[in-house]
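Some features that Swiss-Prot has for this protein:
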type	residues	note
DNA_BIND	171-272	DNA-binding region
COMPBIAS	8-27	compositional bias 'Polar residues'
REGION	1-27	region 'Disordered'
REGION	331-351	region 'Disordered'
């Protein structure tokens, strides 16, 4: 046993390798080149190992194992390049007490990782089950809301003209004293005007055509807005003749419609048209709110005339109670009085001087 070496002598240039077939026949041998005995590892690094330390060293530094005639073995390396014929049949390799091919185990790990990634993408692991339920619920509510809006839009065209054109209500206004007066303009509810009527880019406004719902007659109005402290009031101008011909009175309702082609229509309803009490109250509340915000608009012709007159006077004439103006006029009067001739001379002042003097007799 002392002279035993598990590899052939130094003169041997080849070694017989056992080749296994699927039927476990060991009758076939192949010859492969081998190393010189000077290049071979000592026998205590080859199996069987004498001590666990030597076995661990062999695992950390794997070397090819060669067969002897007495103990035929299969050469094994970590890469498995010398026994490629056995890679395709790992079960046979396990039966012999060997290890699996590292390449196959690596591919198996990669396949498992890919499968886990696919499952994570399908189940969205970043979201909890409650979040998934909430997202699905929100999506369902959004779809339901869109369907309701579409159905409401279709159902909003409930009225029609005599030529069967579908109409929907854009704006409704209960006429006030200022709307049917001689000012020739009708104030529209701000909320309805901004939401439904054409958009206005400047104060000049646009010209709109409106057709009577009950006839073929059309009217042309100037649709514009007035600004006041970051707020707006929307009006229809050039309505004087329109009010007269339609016999509009205080308390009547002007309703503006729109057809499916975005054409505008109107209808003038008298006091008998107040059948829907809810709509009437809502319209009154809106009108009261608009008039309260923009209180500077006159309510009748007399107030409008007075406001216009006061504005013109303030722009072109000084305020009578201004002390600076009174002081200036008094100095001018004193200067003209000191330059007048004595009483024994007959001097007739100009009409301007007389007026200026009379103005300050009370001073």
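Each residue, glycine too, has its Cβ placed from N, Cα and C.
Across all of the DNA-binding region (171-272), the predicted model scores a mean pLDDT of 87. In the DNA-binding region (171-272), the DSSP tally of helix, strand and coil residues is 20 helix, 46 strand, 36 coil.
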